[in-house]
Amino acid sequence: MSSTKILDNKNIRLQGSITVPGDKSISHRSIMFGSIAKGKTTVSGFLLGEDCLSTIDCFRKLGVDIEVNGTDVTIQSNGIDKWEEPKEVLYTGNSGTTTRLMLGILSGTHLHTVMTGDASIGKRPMRRVTDPLRLMGAKIAGRENGQYTPLAIQGTQLKAIDYTMPVASAQVKSAILLAGLRAEGTTVVREKEISRDHTERMLKQFGANIEVREGVVSFEGGQQLHATHVNVPGDISSAAFFLVAGAITPNSEITMNNVGVNPTRAGIIEVLEKMGADMEVIEDDHAAEPTATITIRTSSLQGTTIEGEMIPRLIDEIPIIALLATQAKGTTVIRNAEELKVKETDRLSAVVAELKKLGANIEATDDGMIIQGPTPLHGGHLQSYGDHRMGMMSVVASFISSSPIEIDDTDCIAVSYPSFFEHVRKLKNEI
Ligand code: S3P
């Protein structure tokens, strides 16, 4: 186990401004779209997190020229038809987005590829992607009939499908849409609950003609993407840790600028508002993705219910929302969140187990959790489970715990927020 940290943050307050790093979902997609399109795509505000670096590594192995200069990236591609068959296995690290979206992309190429990731990826379900892709004619082989990595893909000519999503998942939706780019006919994806729409927005940005209305996305296969510039906004899923930290740590005030507030991602803002947080959200001009400057102050909070269509809009924020709820007055109920069980780790069990160690009043249910508050938290020895968001939730808990918190394996935080501890140091003031 690497990088155990002992955090003694008693008597601190958090004050100041930070710019959170680029959005992970949009950074991945900028590399994928820029590699599919022929020509030069430029990206600014790219997230240099380990997950997005895995995506860059995979496309370099396919012969795409990608240069990284700080958070600016230049992708020079001869187009998807000119990708080279990689001699090596494509390694997707800890990244579910890389693995699932690449399955969709690679299925419709002329290439044979093999993809694998780390131990966590090896346990994450892939049939949710390989099943619809096989309906499109994809040739994919893998453990347990294509459920688990390593996966071998023999690219082929695909045909479009009309698919109703059985789970709310932007990764599944995006894999089908990206496969649809190379398919004969009109691809249609129907969602009961709307998941993040970055792929749809970026398809438009790269010049594709795509129709989106009331949970139905459709577009004609065979369209060419046109290289362009992508400006990646700050990641609201990273900002979420400091939104909660600012709300629950005494005498705090934190401002974050350029935070992506795409409505399909901004559920945490609605939850903070419903719970009574002292917060200001000032929206900037709308570009391909809307952004805002957000200020949060120490707040007196009320419990709430989080369920239904809101869940996909804050799915990655549930660990930190659970910590928030331990400091809110009354009961917070989280329902319909069974997808948490198949994230980087089983986040439902992990969140409940770790917060209990600190004295929280929290119980798991079949599809979520029930939290009573407010409860003072004490110190303890926590696990990150190698999951970046569990690691950051534990660090934020140390801002309000009455004694030190020891956390095993905090290196994993670099998956989505490499400058996290630097930002903690910047905001932290001793009282
Ligand atoms: C993502 C979609 C979500 C999210 C993940 C990133 C994406 O996963 O949890 O962190 O970039 O499309 P699901 O598609 O499994 O819901």
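Using the three backbone atoms N, Cα and C, a Cβ is placed for every residue, glycine included.
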| field | Same 3-phosphoshikimate site per TrEMBL - residue from Lys61, Lys139, Lys204, Lys343 joining Lys24, Ser25, Arg29, Ser169, Gln171, Asp316 | value | Lys343
| Arg389 (phosphoenolpyruvate binding site) as reference: those recorded positions from Ser25, Gln171, Asp316 with C-alpha within 10 Å of it | Asp316
| field | Inter-residue Cα distance where the pair is Lys24 (3-phosphoshikimate binding site) and Arg347 (phosphoenolpyruvate binding site), in Å | value | 19
| task | Taking a cut-off of under 6 Å between Cβ and any atom of ligand 1, tell me which of the binding-site residues Arg29, Arg124, Arg347 pass. | result | none
| Taking each of Gly96, Arg124, Asp316 in turn, which of these recorded positions have a Cα lying within 10 angstroms of the Cα of Gln171 (3-phosphoshikimate binding site)? | Gly96
| said: I'm trying to understand the geometry here, so how far is the Cα atom of Lys24 (3-phosphoshikimate binding site) from the Cα atom of Arg124 (phosphoenolpyruvate binding site), in Å to the nearest whole number? | reply: 19
